[in-house]
């Protein structure tokens, strides 16, 4: 596969510098004019946000685009504005306003949100993703703003008013949750139950099992690193052990924690996610307009591939390469775990049943915004420019996670301040000490030790060279031949 305008002769393939030079100087036709490129090269993330034009990161796949701009990809700002104005005019001139104040308030809030979403979808700044359409990701960016404003509104209410406000969304909310027994009998084989000795296992196989699997499959596509996914998965199980005295639904059987969750659901989801990442990194990203494809099979394949990434960037977090990246990766893991805990604590303090549709909508929301946020965080860490800023979606996700936690703190401080059991506290103190010790050794003590060894080695070489010079009797190294002198200079 070659770029448009490149020609390769027989023999060894040219290097990257030669390819860049050929790309900057297009070949000539027989008539002497510049040749038109066969297809436009894919604009990479480095082209948009990197230190200079024409640069592509080594972890980014190369792709091609013929530059077709159809009706599907145009802005349609005037069309959306015309439709929105007609809808508002219809409500104003032709529809009679009801006399129900609560109904008018709800409808006014919904209409305001829809107008904001229409503005954001057509006018907001594009993010790093463009498939299936940039407007799709702009929509979720605007939903993030709406959700953050809703959380801030809830944060500024009293506890009782905030819980009763949920009745405006669903009349069945605002009621204390019933007590449930989540731990119970943990026997894998229950001999006391003659009809079904394995009833404890079948009771755990509910709708949350596929939710765990698909959740971790999608999280793997966001994080794109096996080690980080496994650390977050295992760490969350330790958090469930540590906080089961606060929330009763954290109380699970040991085999539910480590076999069903970590190994089966989470582990299988991470494995399938890594296989998908491997396929995406090897896939050829060649984009062609739908009407430029001659066969119906090719058209159907192009429609399906519209829901795959426009290009692919392999995440290389490299947490041990520098203190900055180590702290950044630790911060990412912390925010991930905090967002996971917020799912359970928000249900508890706002009195929402686990099967309520608002809980599912929140998970769908984080699935759509999490991938964009992780890409923006990675670009922020990988960007060598000094004057850079965090991406808009990553900023909103961090703000949403912090606001959710503040709501939990305000609405139920008594639950959060329940003291940890003594053995749990000892385990966490030991873990924190180990992490801090490794950090100090890796980024401070180890560097000082290596620098001391290097200085000591240089002094020994200098002393050895000086002794050889003195052994000649005239004070300068006349006895050194040219090859040995060159080797000594290279070693210096």
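Residue 1 is the first one shown; counting continues down the chain.
Placed from the backbone N, Cα and C atoms, the Cβ positions cover glycine too.
Marked as region 'Disordered' by TrEMBL: 1-62, 463-492. What TrEMBL lists as transmembrane segment is 71-93, 105-124, 136-156, 226-243, 255-274, 326-345, 357-374, 394-411, 423-444.
Among the recorded stretches 71-93, 226-243, 255-274, 326-345, the one sharing the largest number of Cβ pairs closer than 8 Å with the transmembrane segment (105-124) is 71-93. Proximity of distant same-chain residues to the transmembrane segment (394-411), defined by a Cβ-Cβ separation under 8 Å and at least 6 residues beyond the stretch ends, is recorded for 141, 144-145, 147-148, 151-152, 154-155, 159, 162-163, 335, 338-339, 342, 345-346, 349-350, 366, 369-370, 372-374, 376-377, 380. By the Cβ criterion (distance under 8 Å, sequence gap of 6 or more), the transmembrane segment (357-374) is counted as touching the transmembrane segment (136-156), at least 3 such pairs being found. Residues 186, 188, 204, 209, 212-221, 226, 229-230, 233-234, 237, 240-241 of the same chain sit 6 or more residues outside the transmembrane segment (255-274) yet have a Cβ under 8 Å from a Cβ within it. Same-chain neighbours of the transmembrane segment (326-345): 219, 228, 231-232, 235-236, 239, 243, 247, 249-250, 317, 319-320, 359, 362-363, 366, 374, 377, 381, 397-398, 401, 404-405, 408, 412, 415, 439, 442-443, counting only residues six or more beyond its ends whose CB sits under 8 Å from a CB of the stretch.
Remote same-chain partners of the transmembrane segment (136-156), defined as residues 6 or more beyond its termini with a Cβ less than 8 Å from a stretch Cβ, comprise 113, 116-117, 119-122, 124-127, 129-130, 162, 165, 350, 365, 368-369, 372, 392-393, 396-397, 399-400, 403-404, 406-407, 410. Listed as Cβ neighbours of the transmembrane segment (226-243) (distance under 8 Å, sequence separation of 6 or more from its ends, same chain) are residues 216, 219-220, 250, 252, 257-258, 261-262, 266-267, 270, 273-274, 317, 329, 332-333, 336-337, 340-341, 420, 424, 427-428.
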